[in-house]
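Inspection log for the structure reproduced underneath, given as structure tokens.
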Amino acid sequence: MDLKQFEADNSGSCRLASRIPDVCRTEDCCLGVDEAGRGPVLGPMVYGICFCPVSKKEELKDLKVADSKTLNEAERENLFQKLDEAQSYVGWALQILSPNMISTSMLQRTKYNLNALSHDTAICLIQYALDSGVQLKEVYVDTVGPAEKYEKKLSQLFPGIQVTVRPKADSLFPVVSAASICAKVARDRVVKGWNFAEDLGEIDTDYGSGYPNDPKTKEWLLKYLDPVFGYPQFVRFSWSTAQTLMDSKAAPVHWDDDEEDGEKAAQQQNNRSMLSYFSASAEGDRAQQTHRFFSERRLKSLKSL
């Protein structure tokens, strides 16, 4: 699994895929869909598909794939290696969705929630398999939202394919378990080797599980919260955990276009307006340490033109 493409730019979305086995282009195939990292406040969410000929279902089962959440990291890595060695009849593809992409999607003017993002990503991966020549006849999906509604949606999009959507599908169907393992291994590797674009010095990588209720994760979030610029792109800033910490610990900001008379409203809230930063004042004349964002770009505040 070569992650160089994502590591080169971990602010967006990236697709990784194995070679398509020749047999998958000539025989009827089944495909499983699952994700890893839906809930954490740290790191990406990874969607995965795994596919093989229907005639090879038992061989896939014999690899003893299981729901990735029931396995430790070493067991997942070992099973992924077995799937990779079975490349003569097993294929996979992954879509890595960065924390930045997830959060900007959820907070954009036209809201794009996590369920919609998950559905669209799964649909794109299924379509990728079809476009690659995989002869899909059966698709098994771990549900996001109501299973019956999601199954109907996929069946309409992919007529002629038997679609099965179930809760906990990763523990019911080996091909979904395989997809779960591929996704989880990719996420673990990305998180472990995350390349911070921000200049944060020596990074403490002991951030726990990444889930909001993990004390180590909360401690890490507090440690790397910049009072002005918020969090590095490793953090899903749209998560309520991150937003609550920013509201309570970061510098308060009043946006002047929020309402009329923005300057007055800001003063009433005992808050400085954004515009006040650009105006010369006695307070602005005081010596203060410049934030690295400005010093790295050699930016200075002008007092006169």
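The backbone N, Cα and C atoms fix where each Cβ goes, glycine too.
TrEMBL labels come from automatic prediction, so no person has curated them.
Feature annotations, courtesy of TrEMBL:
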BINDING   Asp34, Glu35, Asp142  divalent metal cation binding site
DOMAIN    28-251  domain 'RNase H type-2'
Exercise for the section: Tell me the Cβ neighbour count for Asp34 (divalent metal cation binding site), meaning other Cβ atoms within 10 Å of its Cβ, over all protein chains shown. Expected result: 28
Fill in the blank from the handout: Taking all protein chains shown into account, the Cβ-based neighbour count within 10 Å for Asp142 (divalent metal cation binding site) is 25
Practice task
Could you tell me the mean pLDDT over the domain 'RNase H type-2' (28-251), as a whole number?
Solution key: 91
Practice task
Output, ordered by sequence, the same-chain residues six or more apart from Glu35 (divalent metal cation binding site) with a CB under 8 Å from its CB, or 'none'.
Solution key: Met45, Val46, Tyr47, Gly48, Ser118, Thr121, Ala122, Asp142, Val144, Ser180, Ala183
